[in-house]
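According to TrEMBL:
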- 354-384: region 'Disordered' (REGION)
- 37-58: transmembrane segment (TRANSMEM)
- 64-87: transmembrane segment (TRANSMEM)
- 169-188: transmembrane segment (TRANSMEM)
- 200-220: transmembrane segment (TRANSMEM)
- 232-252: transmembrane segment (TRANSMEM)
- 264-289: transmembrane segment (TRANSMEM)
- 296-317: transmembrane segment (TRANSMEM)
- 323-340: transmembrane segment (TRANSMEM)
Amino acid sequence: MAAVGSGGSPASAGPGAVSAGALEPGTATAAHRRLKYISLAVLVVQNASLILSIRYARTLPGDRFFATTAVVMAEVLKGLTCLLLLFAQKRGNVKHLVLFLHEAVLVQYVDTLKLAVPSLIYTLQNNLQYVAISNLPAATFQVTYQLKILTTALFSVLMLNRSLSRLQWASLLLLFTGVAIVQAQQAGGGGPRPLDQNPGAGLAAVVASCLSSGFAGVYFEKILKGSSGSVWLRNLQLGLFGTALGLVGLWWAEGTAVAHRGFFFGYTPAVWGVVLNQAFGGLLVAVVVKYADNILKGFATSLSIVLSTVASIRLFGFHVDPLFALGAGLVIGAVYLYSLPRGAAKAIASASASTSGPCTRQQPPGQPPPSQLSSHRGDVSTEPFLPKLLTKVKGS
């Protein structure tokens, strides 16, 4: 979430930038480059580890934990983390924190109630992820879940009046084609699968999760841009609603079983690892993602798909056939193309046109080339993963 609030360049925020002015330009550039690649590594590990850890915890022999309790615990931990961050922002002054929360949460209750909608959707999304990962191989889920890029883009166009470049529309079509191929491979068999898996239910759950992810992310972004509230305050408010709504969902879906067996029934170190990953993973990525540009974010998503696939082969005996490899390759390529800044996309689109004739169009004097044109016009190409990032702070 820090990336949303940072108005300057990535190097202007964060602990590494405090002393950047005192360093030589080459040293500052090298430090920033290291931070970018550290951000890339964190994004790859977090994206892949959450899916793999959920899959691992849900397939362990023995008592199976209640997914609804894990969702509630993640909401509680995220809310407490944001509360501690706000406490630190108030320099440890409890009185100031209480007055601030009273004003922001209770006095401005209409503003708080606006967050009930995305919180409800995030809670539903988190529960759907458990259903999807329990019924689909981790690699298949990871590829199919990239449909959230498509839903986020569509909701951004409809709700925020953003425009997409031709390359981005083409990449979305490529993305859909790749996911369709992977699902066709899954429906055709794709190797042996456990008897308790239902690929149809898994596909329905992941599609519903992608729809909710896209809508909630764009809705949350609209709320953030229309108010001056702290990002951590917004997440605390979401955590309050998420905990309450999660408890309602727990009571409705598994209330009797939880009352009989206990809230923490089936919890193992692996389950706690899933809860901690969900609770802190998104917040951690929000802190480091400001150092990564859009292309690195696209690489991170692509590499996480590869990592999930390789790990699934080793951990779960997942079989990769040519059809899955083709579909996954199309998705990886689509993610990368969609993440390109608009200037780079225009350069790619015009490259073939410039070579088709004997002469190329000259750039007007004083105007930068297309690859350097500013794209900060509020369109989705400047931050194509922004709605995803907002969702990730609360959701997957």
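If you go along the chain as it appears here, the first residue is 1 and each next one adds 1.
Any Cβ shown, glycine's included, is placed from N, Cα and C.
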Ranking 37-58, 64-87, 169-188, 200-220, 264-289 by the number of C-beta pairs under 8 Å to the transmembrane segment (296-317), which range is first?
37-58
Maximum Cβ pairs under 8 Å to the transmembrane segment (37-58) - stretch from the list 64-87, 169-188, 232-252, 264-289
264-289
Where else in the chain does the transmembrane segment (232-252) make close Cβ contacts, counting only residues six or more beyond its ends and a cut-off under 8 Å?
1, 66, 68-69, 71-72, 75-76, 78-80, 82-83, 85-86, 89, 104-105, 112, 115-116, 118-120, 122-124, 127, 220, 223-224, 258, 283, 393-394
